Amino acid sequence: MHKFTGVNAKFQQPALRNLSPVVVEREREEFVGFFPQIVRDLTEDGIGHPEVGDAVARLKEVLQYNAPGGKCNRGLTVVAAYRELSGPGQKDAESLRCALAVGWCIELFQAFFLVADDIMDQSLTRRGQLCWYKKEGVGLDAINDSFLLESSVYRVLKKYCRQRPYYVHLLELFLQTAYQTELGQMLDLITAPVSKVDLSHFSEERYKAIVKYKTAFYSFYLPVAAAMYMVGIDSKEEHENAKAILLEMGEYFQIQDDYLDCFGDPALTGKVGTDIQDNKCSWLVVQCLQRVTPEQRQLLEDNYGRKEPEKVAKVKELYEAVGMRAAFQQYEESSYRRLQELIEKHSNRLPKEIFLGLAQKIYKRQK
């Protein structure tokens, strides 16, 4: 059992610690700078292979287009949490390389989901560039590319962690999280099929289930849980305590995402929102349904889930009319207070700063 050696020093997401901008940038550069090594690990041996060399060359292109370019919050969280939780005997260079590799496993995991999700949502841009499937010559071949990104996760885990006592824990964690995320995606798809608009399915309970499974497990619990296993924190109680905080944080994050999809600046978010056109069970439409008059509900029925720009505009006008901007601001304040209460209640033997740093990182974000 891990003795929690060295967990008293304060931890926050790299951008939030009281460090100089130079140090913050160095930590990010260290993580981003490890990516070429990940690409080499995954492609170097296969690129010249007489049988599969062409396919591995394609994998290299897929990796370089889809894995970098994001904020890297999930991957950076693994590394920062590992540094905070690890004892003196766990801070050697090789152990830190393992943490960097596991961080990149989560970024590859994210890329796998996003490539597939963009196809299903018929999205146009991602991280300020064309979605991979929209690139000339890619199209639906991107489905197989997403599979390659997923299998890359397990190849990296094997290379860096196979000899480590936590290897099986990480394998099971990634496999379970993939299943949970895919269940969440399925809930999302069957709740709001593109071909049929039925707002009666858009309940708060269903929305919370979609968010928990589709976003919260892999975006918040997975990075922290991975770091916990890597330092030997494997008790069910500690993981349940962390999960109670992190799943709530994931819900908060997704509600922000839904708000930014409609009201955010694409120049900041890097993507053009499509939730209204895609008939998504988003926080905005669920809350709007609780506020509308019968006439306004009919307007929503007639215009939600339609591709025409004028119909999308009518939904946005309705959101303004029923006060969704103010409703979100009120939610953001109350949810942040609730998160702080949960952290106080559940962080027990884990340092509160891990959770407070994550919460502060996403509070009032614009992208």
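One-based numbering along the chain as shown.
Glycine residues also receive a Cβ, built from the backbone N, Cα and C atoms like all the rest.
The isopentenyl diphosphate binding site feature in Swiss-Prot is assigned to K71, R74, Q110, R127.
What Swiss-Prot records for F112 (among others) is site 'Important for determining product chain length'. Long-range Cβ proximity for F112 (site 'Important for determining product chain length'), meaning a same-chain Cβ under 8 A and a gap of 6 or more residues, is found for S146, F147, L149, E150, V153.
Cβ neighbour count for F113 (site 'Important for determining product chain length') (all protein chains, 10 Å cutoff from its Cβ): 22. The site 'Important for determining product chain length' annotation in Swiss-Prot covers F113 (among others).
What Swiss-Prot records for D117, D121 is Mg(2+) 2 binding site. Around D117 (Mg(2+) 2 binding site), the C-beta neighbours below 8 angstroms that are at least 6 residues distant in the chain are S123, Q185. Reduced to three states, the DSSP call for D117 (Mg(2+) 2 binding site) is helix.
The Mg(2+) 1 binding site annotation in Swiss-Prot covers D117, D121. Within the same chain, residues at least six positions away from D121 (Mg(2+) 2 binding site) with a Cβ under 8 Å of its Cβ are T274, D278.
Taken residue by residue with DSSP, R126 (dimethylallyl diphosphate binding site) is part of a strand. Sequence annotations record features per position, and here Swiss-Prot assigns dimethylallyl diphosphate binding site to R126, K214, T215, Q254, K271, K280.
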Inter-residue C-alpha distance, T215 (dimethylallyl diphosphate binding site) and Q110 (isopentenyl diphosphate binding site) (nearest angstrom):
10
Apart from K71, R74, Q110, R127, which residues in this chain have a Cβ no more than 8 Å from the mean position of the Cβ atoms of those residues at the isopentenyl diphosphate site?
G69, G70, C72, N73, G75, E107
Site extent for isopentenyl diphosphate, whole Å (max Cα pair distance, K71, R74, Q110, R127):
15
Given the binding-site residues K214, Q254, K280, state which is nearest to R127 (isopentenyl diphosphate binding site) when distance is taken between Cα atoms.
Q254
Return the residues near R74 (isopentenyl diphosphate binding site), defined as same-chain residues 6+ apart in sequence whose C-beta is under 8 angstroms from its C-beta, sorted by sequence, else 'none'.
G103, I106, E107, Q110, Y218, S219, L222, P223
Specify the secondary structure state of K71 (isopentenyl diphosphate binding site) as given by DSSP, simplified to three classes.
coil
